[in-house]
Structure formats: C-alpha cells, structure tokens
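Trainee: Sharing the record's features from Swiss-Prot:
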BINDING   G613, P614, N615, M616, G617, G618, K619, S620  ATP binding site
Amino acid sequence: MTQDLSKHTPMMAQYLQLKAQNPDILLFYRMGDFYELFYDDAKKAAALLDISLTKRGASAGEPIPMAGVPYHAVEGYLAKLVSLGESVAICEQIGDPATSKGPVERKVVRIVTPGTVSDEALLPERQDNLVAAIYEEKGVFAIATLDMTSGRFLITELPNKEALAAELQRLLPAEILYAEDFSAAEILNNYKGLRRRPVWEFELVTAINLLNRQFGTQSLAGFGVEKAVVALCAAGCVLHYAQETQRTALPHINSIHLAQNSDTVLLDAATRRNLELTQNLAGGTENTLAAVLDKCVTPMGSRLLKRWIHQPIRDLEKLKKRQDIIDTLQKEQRIELLQPLLQNVGDMERILARVALRSARPRDLTRLRTALAQLPDIAKNAKNLTASLDALVAQIGDFSELHALLERAIIETPPQLIRDGGVIAEGYNAELDEWRELSAGATQYLENLEIREREATGIDTLKIGFNAVHGYYIQISQGQAHKAPMHYVRRQTLKNAERYIIPELKTYEDKVLKAKGASLALEKQLYDELFDLLMPRLGEMQLAAMALSELDVLTNLAERAESLNYVRPTFSLQRGVNIKGGRHPVVEQVLKDPFIANPVFLNAQRHLLVVTGPNMGGKSTYMRQIALISLMAYIGSFVPADSAEIGALDRIFTRIGASDDLASGRSTFMVEMTEMANILHQATENSLVLIDEIGRGTSTYDGLSLAWACAEWLAKKTQSLTLFATHYFELTSLPSQLKGVANVHLDAREHQDSIVFMHSVQEGAASKSYGLAVAALAGVPKQVIQLAKQRLAHLEEISLQTKEAHDNPQGDLLFAADLQETPQIQPLVAQQSELEKALMSIDPDELTPRQALEALYRLKKLMA
C-alpha cells in the first residue's frame, strides 16, 4: 500500500492516515450505513468473514480492493473476527457531513481485541498464584495461603463455613489442600486443584515445629500468631506441601502474617460478584473496577492493587498515608518521572522467588540487574516529599554492590539456559577465561595442522573435522585413502571417505574437550555461587520489591485520579455516607454520553433509602456506584465524585440480581433468599447494604410481604446504612411509619407513548413505574401493550376502591382486589363475525357469475 498521500483522493488519504496509526489490525472505516475495509484489510476480511471482495474505483491510479459489512450487524462480524484471533479498530464519523469541507472527520473510537486464553502451565502474570490449606476444628474454620512466587504466607480464622467459602471466592487458589476428614467439603464443589491430605499433616505440634524450623525461631510469638491454633494447623499443612513439592530450601518464606477480619471491610462472595471488582458477571475482566484502576507498570504492582481491591482496610491512619502519597505525587508532578523507572523494575518479586529457589535463569538475573539499576533514580525522585513517602522509600534500600556484582558476572544478553554456556562475562574469573581461551584457540590450531598434514602427505582432499561421537578426525576421500601414512589409525569408514586419528590430534582432542568441559563446569559453579552471594540480602530485596510494588500502586492511583478527575475522600468516625456528584467509576468510562452524577446522604438519622423508579432508570448503577466509591475510599484511592465523606464501615453487602444455581439445585428465589438471609444475620449498624428487587421470584403477596419485612428489619433491628430498591410502591409508605427511612427515586419523563430516562436521583417516591413504556421500548407488540394498559387501568380502579373501603395505609394494589368483577376487556384476537365467516368461505375461482351475484347479495344482507 503506497503512503504517498498526494496521489490519493482526499477520502483515501484520510483512510491511509488512520490505517498508518493502526497498521497491524483490521480497520473498520465507517461510510454511511457500512463499515468498509480496503486493500489488504479487505482481502483478509473477505476470506475470514466469507463476504464479497469488490473494488471501489481507483486511487493513485490503481483499483482499490474493498469489502464491507452493515453497521447494524457489525457486532456479529466482530465476534467472529475476535474468535479467530483478530483485532479490529472501529473508525466512526465524528464530523457533520453537512458542514464538512472535504471528507467527514473520522477517528478510531474503539479497538476490539480477542480475549486472552489462560494456559494452566503458565503463571498468570498479573494475578496471584496461591496454594491454600483449609482446616476446621470445634466449629472454627481456618485458611492458610502461600504464594510461592513471592513468599507471602497468610493465615486467617473464620467463624463459619460461609465465611470460609467467601474467603476462597476472594482468593481463588490454584490448589486447595484439605484434610481427609474435612466436614464441609461441599463448599469445594466448584474448585479445581483439590488435594486431600492425611490428617497428621494438620497436627498442631507438627505444624509449630515445622514453622519454627522454616523461620529459624524457637517460638512463633514474634509473629503474633501463636493463639491462632486452627490456622497454624492449616499453615503447617501448606508449608509441608510446599517443601514436599519443591524439594529444596525455601529461604524466601521467612515470615507468617495473621489477617484479622477486624482489620478489613468485609465483602462476601455475592458482593464481590455483583460489584464486578476484578471479574465481570460473564467471567471476563473487561469493564471491572480493576480494569479502570489498574494501569500499574509492574506485574507485582498490579497483583498488589487487586489484593487491595478485594480486601479494603479499616486502618484510617494507613489510609490517610496512602492518600498523602497520592496527593503529593500529583502536586509534585512525579508520576511521569517515576512510572518509566518502575516499569524497568519489572516483576522483581517473582524473580527473587526464583533466586531463592535457585531456579532463576540467566535472563532473570539480567532483569534483576536492570531492576537494581533503577533504585537510585527511584529514590531520588520520591524522597524528601512527605514523611509517608520517605518511609516507603527507606524500605527500597541500596543494592549498588549487588548491581555491580551482576554487571561484572553476567554478559549483557545471555543465552536462555546456563547449560548452554557463554553466560558468565569475560574477566569475571581468570580460570574460566583460560579454559575459554584454550577452547577458542582450537580453531587456529586445527587449521594449521590441516595445512601441515596436507603438505606432508600430498593428499589434497585431506581435511580435519569433529563430531560428537568420534571426536576429532582426519578425513581422506576413498580415491586417495591409499596414500594415508602408516601412523594414521583408521577410526571410521564412510561410503566415500576414510577417517583417521593420529597421536598429536588425539592429545589435542583430550586437551580441548577437557577445556570445554571444565569451562562449562566452572561456569555452572560460578553461576551457583552467584546465588550464594545474592542470598544474604534476599530478605532486604524482598522488602524492596514490596515497597516498589506499593509505590507502583500509589503512583498508578495518582495517575488515575489525575486522568479521571477523582477527588480525595474524607473519613468520619460517625456512621454515614455523604457523597456529592458521585459517578460510577466503570460505567462513566464506557458511556459515550456524559455520566449523570448523583448524590447520596446516609447517617444515623437517615439510614435506609427506599429507591424507586423505572427499569433502565439507573437504580442498580446508582447503588453500585455508592458501594464502589466507598470501597475505593477504603483502599486509599481517590474517588469519582465532587466530594465524599465516608463514615466507619465494617462490611459491604449487595443483593443485586440473581440466577438459578443449577449445580447446587437452587432456584433463583432460593439463591435470592440465601443471600438475603446472610445479610440479615451478619449486617450491623456500620454495614453498607444494597438491596435490589427482593421478592420477585415468588407470588405478589409473598414477595411484597418479604420485601416489607426485610426492609423493616434493616430499618429497626440492624439500622444498617441501606439502599433498598423496589418496584413494590407499597414500600414508599415506610418513611411515614419508621424512623430513619426516606424515599428517593430515579427520574424519568413520559411523553405520549415514549419515555426519557433522566438518570438523576430526586427526593421522594417515583410517581409510577413506567413498566409499559419500557416494555414498548423492548419491542413488545402494540396489541399486548394496549391490553396491558386496559388491565392496568382496571387494577388501579380496584386499588382505589379498596383503599377507600378499608383506609389501607399501605396502598395495597392487589390485596383484596375482587377480580371476579373485572369488566369484559377486548381480547387480543376477536371472534369472527358472521359476515367475516361468510366472506372467508367464498372461493371466487369456483363461482359462476350467477353464484357470485347471489353471494354479493347475501353479504350485503349480513352487513345490514
């Protein structure tokens, strides 16, 4: 494809410019009602999509290959291309054709790329890879997790199996170890990598001895874990399993940490799923909170951020320190200085684990060398700004002597494996240099010997060679073999040649082979000694990697706050959530139109909001954004709002949407009630609770009764900070009956038969549900909508009569409705009249003129 744009039409010149920006992917170029592809893209798409390949005039004197797909059907074509491993740039018209001079302005608005396939044999770069052991004793459940790629060793004790199930769902271990007599094995049904282990591996005394040996201690009191006896049993099992499988020392596993529920804002499995933190409801990673927040430049930073998202902390001092660092990095404009340096650090955490396991390859050591080289510049650009940042920088340390060691020891670009040799740099070891010089000198010696022997024997076909089986040899063609001197000893006969050895060559062969073998052996020895030289400072380097991970996360959050217009939230020790101009962090990134920001105000005197409004009005988005903003505040991030004050939170619960759990034999309603039961049992006055459409999976009476009772329990008993979305308008009378309850609604406007969703939150209850208008938007047949309107009018009339008769404060719509008095409503398909029946019975082709006339009179009579 030529790039001399002056030879092309203006439209094709525009296309070629856009294509040059996206050279390696297909470009869907919007032209009217079609997406067009040109040149090689057209040929490729035509073959992949089985669409026609045509030509579009000429440009630069040559016909232009072209293919196209209708814009309204583009998603199907995109899906096929993505499934074939192709990526597509979608180019839209953004200018106005009516006012454009020349081609309409266009730009690439999105790039559709295929999802990545996860190979179980490969380590997921930006996800933790954990082995976990679970244990239960006297009703106390525990889990111990070990990340072999970092040495991170955590234990937790939990009150029940539901809490353990939630923890497993958060961690998603690659392997789960459990005792042969584990009593709650049913919670493991949906996991892979299950390993039943003998009960003795979970014995407490065995575990304590094993852990003390690993850490080189006489007591575990220094780690603060000695009282978590059930968790220690699990820790002993997982450490035993690690040692059993690795069959080597594990020096990078040098501590153990007890995670307390009181330290974190707890999220159950349903909440993690509904909020789409790191995985969307379809199982992918697109359009999740992590997808928006995670622009970390190191894999280890990305993994740390995901841990923060799944385990927000309640330590306000630590949160404020994180905020201070984010604030400082923004104000001091250090983001663009630090991120390139951090990017060069790479995955130092996992490299160090491989060093500890002595499995690091030569290129791991060159990457470690590169990482260590960045540390002085990182420290220089991050220190002397705030006390919090200085404390973090202090953990990075100085490893200049180790960097110098690796600089001297390893060549710039080593081979993949040490066994290939050529890894240790020249000048690092004198003995190695001597052996290498001897090996390298073999070529010149053999050339000289070949010339000398050829001249001495007069055999012009004589040459010296080498193979792995016979070593060095002198080869002479069969035609001249009779000229071989007596001291030539035959070593091998070939079809066209004879191979010989002479004492001088044999002596040199032994010397060279010894040199090569000695060189490889010495190089391997020196390489292993490098691990010994690195190991004394392994713990310090691990601390540095942890600090660099945190700096990467905080620099990333500073960049996100700056790019996405986030603000610093404040914390209050009082109950409540006060957000002004709040936005959904994910939805605002995928919407083409501006996101409608909304407030929320909850406190001890106003702790339950009944949220009403139409379907598609934004109730679920509104509730999720409140939870996500609160969660973001509790990881130390800035938040998408004009301002936000978040009170003390201990848990976040969501009951949003539901589907059948066929694997467990549970219906949609059963899933819904199970989640609701968990909330009612576990929620406290400091919990944030989001309830969306409870009671839909059963009869109207049951559903309304359950919804009413749940709302009343949350308002009176737990007094949790609650948003309760519902289409049961009877619940809007709760504020008049219960303290701390208020109504809000998502606004909408109806004009004739259409509806406009305003997506703005207003005080008070919605006036109506707009269900019929939404049904019409969904394409429900007009006759069905008309019938529904008739039924609705009748039911509303009955409701009004019932209210007047019984003075029912709840305004029951259906309770006590006498449907037996329903007037006859025009059915969808009316019965045929006698006239229609007669007309339908006539076959004009079979009638004589007289019969046709008689039929006409008969029809006229029926009309009368």
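Using N, Cα and C of the backbone, Cβ positions are placed for all residues, glycine too.
So that I understand the layout, could you describe where these features sit and how close they are to other parts?
Mentor: Cβ neighbours within 10 Å of K619 (ATP binding site), excluding its own Cβ and spanning all shown chains: 26.
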Trainee: Please list, in sequence order, every residue of the chain apart from G613, P614, N615, M616, G617, G618, K619, S620 whose Cβ lies within 8 Å of the Cβ centroid of the ATP site.
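Mentor: Near the ATP site, beyond G613, P614, N615, M616, G617, G618, K619, S620, sit L746, A748, F757.
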Trainee: By a simple count, how many Cβ atoms lie within 10 Å of the Cβ of M616 (ATP binding site), its own Cβ left out?
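Mentor: Its Cβ shell of radius 10 Å holds 17 other Cβ atoms.
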Trainee: With the cut-off set at 10 Å between Cβ atoms, which of these binding-site residues ends up with the most neighbours? Options: G613, P614, G617, G618.
Mentor: G613
